[in-house]
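Okay, structure first, notes after.
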Amino acid sequence: MKRALPPVSKTAAMTFEVVAQCSSSKARASNMTMPHGLVETPMFMPVATQASLKGLTPEQLDDLGCKICLNNTYHLGLKPGQEVLDTIGGAHKLQSWPHNILTDSGGFQMVSLLKLATITEEGVRFLSPHDGSPMLLTPEHSIELQNSIGSDIIMQLDDVVATLTKGPRVEEAMYRSIRWLDRCIKANKNPDKQNLFAIIQGCLDLDLRTICCAEMQKRDTPGIAIGGLSGGEDKDQYCKVVNHCTNLLPRNKPIYCMGVGYAEDMIVSVAMGVDLFDCVYPTRTARFGNAITAEGIVNLRNKCYEADFSPVEKGCKCPICRSKEDGGMGITRAFIHHLAAKETTGAHLLTLHNVHYQLELMRSARRAIIDDRFPQFVKDFFSTLYAGDKSKYPQWAVEALREVNIDLLEKTD
Amino acid sequence: MSSETTPTKANMQSFKVLQTQANSAARQGTFAVSRTNANTISTPNFLLPTSRGSVPHLTPEILRKHVDVPALYIGVEDFIYKAAMKSPLTLSGFKIRDYVSIMPPLDSKSPQIPIFLSPRRSNPIPTSQPSTDNTLAVVTSDGFRQFPIQEYFQLVSQIKDDDTVVIAPTDLPLMLVPNGARGSGVAVRSSTKVGGNRSRKLVVRNEKWSTSMLEKFSKDVPVIVPLIPGISFSQQQMYFDSLLGKENVFVAAKTIETIDGLAVSDLTSPFLPEPEAEEEEDLDRLGQKENIAPENDTSLTSASTVDYKLIPTELKEVVRLNMAYQNGPHDVLRAFERGSDLVCGDWITTATDAGLGFSFTLPTDDASVHDGHQKLDFAHNFIDNEKYASDLSPIAEGCECYTCTKHHRAYIAHLINANEMLAWTLLQIHNIHVANQFMSAIREAIKAGTFTTAATSFCHLYVEHISGVKLGAPRVRGYQVRLVGGTDKKLNEKAFRDLSADV
Ligand SMILES: [Zn+2]
Ligand SMILES: [Zn+2]
């Protein structure tokens with residue numbers, strides 16, 4: 001039962017068009033066109049924190065098919081700083097990246113990296129990491145910085161509270177985030193070039209989430225993020241909130257789950273209707289010798305791989321796993337083991353594989369949605385990950401998927 | 001000695017001198033690196049050193065796409081564990097080229113990048129124990145080991161291919177004082193002047209190793225044998241005779257088809273600090289003063305003193321590999337003026353690690369025009385250098401390397417400042433490119449007979465040491481830092497910090 005008219009939304013700096021919807025779940029495939037080109041969703045966005053992705057050249061990232069990456073506002077604000085960004089003409093110019101960039105507001109980093117940050121109605125107060133002097137990050141300043149960065153998607157400053165927080169602080173943060181969105185919208189100098197996304201807050205309180213979704217929707221931003229998650233909550237709680245929000249949010253706007261990037265989490269979230277993801281995990285874990293594969297994590301620093309001359313992942317089409325005959329590098333597990341923790345190129349190689357894995361997982365999900373075989377795709381994904389052992393499937397995934405009409409435990413012939 | 005007596009057949013010669021200089025020993029030539037195909041290296045040139053089989057900062061993909069590599073230098077000690085024959089490389093049965101995924105360059109005339117195989121890394125860490133008659137002291141990731149020469153031969157047989165050059169093991173009279181013996185495990189120079197007994201041992205050992213290497217491999221691949229460092233040419237006459245098949249007790253004269261090259265090492269190592277005056281007195285009191293090598297004793301064979309005019313005629317037209325550490329382009333010019341054909345390129349990686357982006361070229365005009373001018377830095381220093389923060393020009397004006405065509409100084413400065421690994425990748429690509437241009441200009445200058453003028457001009461134009469930058473010892477990795485104690489920590493910490501630093 002495909003819906004007849006796929007939703008479309010056209011705003012000053014974005015055309016969002018749903019091109020296919022799963023006939024069972026809420027999964028959809030869409031085309032997001034922004035000033036720096038087309039982004040096909042579902043999409044994983046690699047995190048190039050300081051305008052560089054862990055040793056990869058922007059060209060290598062481009063060659064992996066990446067069309068949008070993240071930069072962190074907090075870090076770029078420190079280095080190279082707003083003045084340099086203004087002189088150079090923004091982050092695209094800084095890193096010679098021809099595709100889209102998304103930036104966060106800087107607030108999350110401030111709260112998580114700087115223990116002494118306090119939040120008032122005005123903004124986030126913190127001590128300068130340079131000289132310890134008191135500083136203030138307001139919604140206006142966050143947007144001004146993101147305007148200087150010139151990212152295609154900019155995020156509102158939100159009042160971040162730990163996911164597991166309960167009581168009046170949650171409500172306060174939710175309402176303050178709405179007020180801050182208004183200030184951000186007003187502060188955005190480039191609505192014709194930069195898409196401001198709202199962030200839904202409310203921790204695990206579904207009633208607060210409902211209010212927030214309604215209020216944010218009124219502001220009619222080009223896209224909406226589900227925030228305040230990935231903070232140590234149980235996976236089933238995460239799913240309940242996401243499922244709740246995607247039920248309420250308009251279907252003609254991209255939905256972004258911030259900080260989500262584990263393969264299972266992304267697949268379940270796609271089924272619940274989420275379009276965009278980002279996470280530092282795939283690149284960070286590469287430095288510890290971890291390869292992400294369809295069958296799970298492989299830690300290549302383990303001695304058992306020192307004489308394993310097979311590719312990092314069999315059948316993988318990434319530049320390192322592909323054979324030399326096939327135009328790849330034909331890197332073996334043994335060679336990664338040989339380099340791991342001793343030469344940085346080992347981390348570069350694994351980063352290539354891991355980013356490819358993430359991007360390819362989303363590309364294959366998209367193909368499955370377009371061919372309307374997404375439920376089977378999800379079942380195959382879990383079956384491969386758990387080597388066909390259904391008793392090992394995580395309960396939260398089974399339940400969340402059942403909510404969107406995908407039964408992982410269903411008997412098949 | 002007439003040429004008929006030498007077993008080296010002219011038509012088999014892998015090295016051809018195309019041009020010599022009247023006023024220096026510099027020469028331009030070509031070195032055929034393969035017995036089966038037309039792969040050659042134009043000299044003077046450099047070998048790009050690898051660390052654990054990887055060119056520092058560059059994945060094999062970037063190496064093939066964006067860098068023109070004249071040749072790679074791979075140290076087998078980077079691949080062996082306690083038992084060499086049970087090491088993964090041995091078990092794999094792979095050629096070294098496949099093991100470390102060196103692919104044919106995308107954009108080059110040569111079908112494969114030539115690989116020079118040696119038992120030790122270029123500019124190896126001195127060992128704490130001497131080699132023996134049948135084993136070479138090496139440094140592996142497990143620590144100091146004795147690597148049986150026969151196992152080196154076996155491994156080389158497996159891992160070489162048609163574009164490989166092999167270097168014979170060299171017994172170097174350079175050692176670390178064992179931990180605890182003096183100071184707290186800090187490296188010191190010791191026993192570099194070779195006494196009579198040791199000298200005879202060196203000759204016998206190197207003779208045996210070199211002639212076996214020639215006998216086993218020279219039919220299939222070019223073989224480079226060492227000049228024996230630390231003793232005079234006359235002290236190693238017996239070694240030369242043996243190499244030339246005149247008086248060889250190990251190998252019948254006829255079996256040696258050809259000697260393709262000579263390698264000359266230094267009597268110092270950048271890992272060994274200069275002895276301090278006090279220390280010298282100390283040694284004197286202990287009656288060990290004669291053990292300190294007189295650097296300028298030209299009668300001793302070393303990279304910085306060797307006089308190729310004195311070498312036997314039959315060994316003159318073979319390629320000369322200078323294994324010493326070159327501390328920047330000035331050293332490289334001196335090495336070529338002394339008659340080296342190939343140098344090791346550790347200085348390129350060292351400069352990259354130090355955050356330098358080369359900006360030198362070989363001048364084509366006369367030196368005197370630069371007199372009175374302030375000398376230029378040979379590189380841009382991107383470490384803590386705010387002047388590049390908003391500079392959108394390429395590292396070097398007009399440079400056609402990948403880094404300079406895609407990126408600008410502001411990005412490099414930002415990446416260095418943010419301690420992002422990509423900084424070193426981009427600098428390495430650029431620096432290798434500049435080194436290639438430099439080599440090519442040197443070759444042209446030799447052909448035109450202007451090399452000596454150009455080299456003098458270069459020294460007038462560029463400072464030898466950039467102020468505030470210490471180009472120290474070549475790259476070492478974590479496990480090696482532990483072995484050499486306090487050597488040059490700063491440079492290597494820089495490259496290492498980004499592995500552990502987190503965001
Ligand atoms: Zn792969
Ligand atoms: Zn360049």
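Cβ atoms here come from the backbone N, Cα and C positions, even for glycine.
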According to TrEMBL, which candidate in A:GLY132, A:GLY228, A:GLY231, A:GLY232 joins A:ASP104, A:SER105, A:GLY106, A:GLY107, A:PHE108, A:ASP158, A:GLN201 at the substrate site: A:GLY228
Candidate ranges A:58-62, A:163-167, A:283-287, A:353-357 [criterion: TrEMBL lists as region 'RNA binding']: A:283-287
Longest CA-CA distance among A:ASP104, A:SER105, A:GLY106, A:GLY107, A:PHE108, A:ASP158, A:GLN201, A:GLY228, per record bound to substrate, angstrom: 16
Other CB atoms, at most 10 A from the CB of A:ASP158 (substrate binding site): 28
Recorded positions near ligand 1 among A:GLY107, A:ASP278, A:CYS316 (Cβ under 6 Å): A:CYS316
Euclidean distance between Cα atoms of A:ASP278 (active site, nucleophile) and A:CYS316 (Zn(2+) binding site), Å: 22
A:GLN201 (substrate binding site) versus recorded positions A:ASP104, A:ASP278, A:HIS353 - nearest by Cα: A:ASP104
List of residues, in chain order, with Cβ under 8 A from that of A:ASP278 (active site, nucleophile) and at least 6 apart: A:PHE44, A:MET45, A:PRO46, A:VAL47, A:LEU70, A:LEU102, A:TYR256, A:MET258, A:GLY259, A:VAL260, A:GLY261
Shell list (Zn(2+); ref centroid = CB of A:CYS316, A:CYS318, A:CYS321, A:HIS353; cutoff 8 A): A:PRO311, A:VAL312, A:GLU313, A:LYS317, A:PRO319, A:ILE320, A:ARG322, A:GLY328, A:LEU352, A:HIS356, A:TYR357
Chain-internal residues near A:CYS321 (Zn(2+) binding site), provided their CB is under 8 angstroms and they sit 6+ positions away: A:PRO311, A:VAL312, A:GLU313, A:LYS314, A:GLY315, A:GLY328, A:ILE331, A:HIS353
Under 8 Å by Cβ from A:GLY228 (substrate binding site), counting only residues of that chain that are 6 or more apart: A:ASP158, A:VAL160, A:VAL161, A:THR163, A:ALA173, A:ILE199, A:ILE200, A:GLN201, A:GLY202, A:CYS203
Cβ-Cβ distance under 8 Å to A:GLY107 (substrate binding site), same chain, at least six residues away: A:VAL124, A:LEU137, A:SER142, A:LEU157, A:ASP158, A:ASP159, A:VAL160
Nearest of the recorded positions (A:ASP104, A:SER105, A:GLY106, A:PHE108) to A:CYS318 (Zn(2+) binding site), judged by Cα-Cα distance: A:ASP104
